[in-house]
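**Q** Handing you a structure now.
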Amino acid sequence: AGAGGGWCQGLNIPNELFLALGLVSLVENLLVVAAILKNRNLHSPIYYFICCLAVSDMLVSVSNLVETLFMLLMEHGVLVICASVVRHMDNVINMLICSSIMSSLSFLGVIAVDRYITIFYALRYHSIMTQQRAMVTMASVWLASTVSSTVFITYYHNNAILLCLIGFFLFVLVLMLVLYIHMFALARHHLRSISSQQKQPTVYRSSSLKGAVTLTILLGVFFICWGPFFFHLILIVTCPTN
């Protein structure tokens, strides 16, 4: 790097882009919530969890929209707010975002566990995952997410808090990886048994390939979407001065 400047230039992303992405995300998740609430056939634990996941993502969308809108109004001189109010608003928005992160990760893990129970304990599923237990699970996730986000915003300078958040992400990632691979292995075993009885190896290979692709996409999207954020947290912990 030269003496006059650093070798890394910042990337300036227009606020209008964040505003558009927030609107698209909000509309998509609203459609998911509306579809589940309107269709009585979808009133079951798994769809309740998916609905909660959509609500979690909506929190990010709303927070992003509010923050971006205020930034645009302040940039154009339409809105003037004192620094203390901006700081308090920033803390509230950050708490909503952190709560959404925790609840989204939690419900992704809960959905994986629910699918695992459906496959491996199919006959006992309705006795294991009752409506009451589903409600308790959802309430517990929301409560834990709210408390943890409050603690995170209050003590965000403490590396122990950041390490807990990183550890939770890795836990959910490993949990999903283990459960979905186990489910894929069982499905693959059943397909092999069926194809050997029917003497259709081509169908077996095709189904196995589709299952592997689906599993790769599922875990890949999860890691691509959440990985950069937690990698950023790891950099904050390991390289605080850079």
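Every residue, even glycine, has its Cβ placed from backbone N, Cα and C.
Taken from TrEMBL, the feature domain 'G-protein coupled receptors family 1 profile' applies to 28-242. Among the features that TrEMBL reports, transmembrane segment is placed at 17-37, 46-72, 92-113, 134-154, 160-187, 208-237.
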**Q** State the non-local partners of the transmembrane segment (17-37) in its own chain: residues 6+ outside its ends, Cβ under 8 Å from one of its Cβ atoms.
**A** 43, 47-48, 50-51, 54-55, 57-58, 60-62, 64-65, 68-69, 72
**Q** When the pLDDT values for the domain 'G-protein coupled receptors family 1 profile' (28-242) are averaged, what is the result?
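**A** Result for the domain 'G-protein coupled receptors family 1 profile' (28-242): average pLDDT 83.
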**Q** Which sequence-distant residues neighbour the transmembrane segment (134-154)? Criterion: at least 6 residues beyond either end, Cβ under 8 Å.
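**A** Same-chain residues near the transmembrane segment (134-154) but 6 or more away: 45, 48-49, 52, 56, 91, 94-96, 98-103, 106-107, 110, 161, 165.
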